[in-house]
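Some features that Swiss-Prot has for this protein:
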- K11, F59, R87, T93, R104, N114: ATP binding site (BINDING)
- H117: active site, pros-phosphohistidine intermediate (ACT_SITE)
Amino acid sequence: MAVEQTFSIIKPDAVKNNHIGAIVARFEKAGLKVIAQRMLQLTPAQAEGFYAEHKGRSFYDELVAFMTSGPVVVQVLYGENAIALNRELMGATDPTKAAPGTIRADFSMSMPANAVHGSDSPISAAREIAYFFPTHEVVVR
């Protein structure tokens, strides 16, 4: 298995409902390390840039509005098979279809307020990490 980095966002709904610690604990319990983390309020321009690949899709405007509705926590996670492991921990994108015990099943109820975002590939992880974190802010421990 490869040791790799992945990108995660704890979304406004989970931040508002004080689930940050519980979500980070899930990552750490599964063996992922948080090697960079920051809380911020996304601007519309930041959200539009981050989700540019979805521009023109039916959910894009709602997603941008939601992601700018409150603070988010952006993170870089590190560990064995980090991308796949994080996606497994998150569960299905639609919380109503997420398996019991996954982050989305336990901490969210609807779309797009589904608690977390995670990279879906090594290419996405590299792009998403670079969007929010300069290289010197990502410290492997």
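Just so it is clear, glycine is given a Cβ too, placed from its N, Cα and C backbone atoms.
Here the features listed in Swiss-Prot are placed on the structure.
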residue : record           : DSSP class
K11     : ATP binding site : coil
F59     : ATP binding site : coil
R87     : ATP binding site : helix
T93     : ATP binding site : coil
R104    : ATP binding site : helix
N114    : ATP binding site : coil
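Each residue contributes its Cα atom, and for H117 (active site, pros-phosphohistidine intermediate) and F59 (ATP binding site) these two points are 15 Å apart. The sparsest Cβ neighbourhood within 10 Å, among the listed recorded positions (K11, R87, R104, H117), is found at R87. Here the Cβ of T93 (ATP binding site) has 15 other Cβ atoms within 10 Å, regardless of which shown protein chain they belong to. Non-local contacts of N114 (ATP binding site) by the CB criterion (under 8 A, 6+ apart in sequence, same chain) comprise K11, D13, T93, D94, P95, R104, S108.
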